[in-house]
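*Asks:* Sharing a structure with you now.
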């Protein structure tokens, strides 16, 4: 398959069921390589479940997900996954530098020695996200925004082709926000594929070129223009886009934190 024209992520008839209750129902879509995509939908829509089921972190009841035409186990080294902050044990005795160096494991292996070159590369990436001064700090001692940037740095260390990021913009202030946006734009300019679970519909048009709109089933997958219509938003959220944008602007503070 030509990597320049590949489908980076395809999902076919994916279903996930918890305790006899449908969480995701018959999800089918494909995402072209090089896209900058937002996964959006109301709370409980199955956004995080979609990522986890596609990566095999939770079991799907049916269907399949392929990355660059292959199962995840065959191409795991090409994929970087950034989990939600809430799922991380921030008390774990690990420094920021240690966390970033974990990004090497996909292409070096767990048991191979970390080299001086690896450490220098990790420090360059920490400088890129503004955390070089915190390299030796325990990860739980960072602010919310710094923690997000540390995990972003780990993802960058993986040198992946596809980045799957769960609530990347959660708990960051505006300075961190702009830094993260700049990094994403750099990745896109390098031909990388980026997928972000996102909550703020007011800036989807500015940040992304592709949308995956969910509410347990697939409402729309396509360009921002195709998916951010009144009809699609009403189908997913139960209200019109203008009202939803206004509501999200009022509540946006809960998604912002310290740097």
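Here, residue 1 is simply the first one shown, and the rest follow in order.
Cβ atoms here come from the backbone N, Cα and C positions, even for glycine.
Marked as domain 'ABC transporter' by Swiss-Prot: 9-241. What Swiss-Prot lists as ATP binding site is 41, 42, 43, 44, 45, 46, 47, 48, and the listing cites sequence analysis.
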*Asks:* If H, G and I count as helix, E and B as strand, and all else as coil, what does DSSP give for residue 44 (ATP binding site)?
*Replies:* coil
*Asks:* Any same-chain residues 6+ apart from residue 45 (ATP binding site) with CB under 8 Å of its CB? Would you list them in sequence order, or say none?
*Replies:* 214, 215, 216, 236
*Asks:* Let me spell it out: for each of the binding-site residues (43, 48), count the other Cβ atoms within 10 Å of that residue's Cβ, using every protein chain shown. Which one has the most?
*Replies:* 48
*Asks:* Cβ within 8 Å of the ATP site's Cβ centroid: which residues qualify beyond 41, 42, 43, 44, 45, 46, 47, 48?
*Replies:* 49, 214, 215, 216
*Asks:* If I restrict to non-local contacts, at least six residues apart, and a C-beta distance under 8 angstroms, what lies near residue 42 (ATP binding site) in its own chain?
*Replies:* 215, 236, 237, 238
*Asks:* Between 41, 44, 46, which of the binding-site residues has its C-beta surrounded by the fewest other C-beta atoms within 10 Å?
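*Replies:* Minimum Cβ neighbour count within 10 Å, taken over the binding-site residues 41, 44, 46, occurs at 44.
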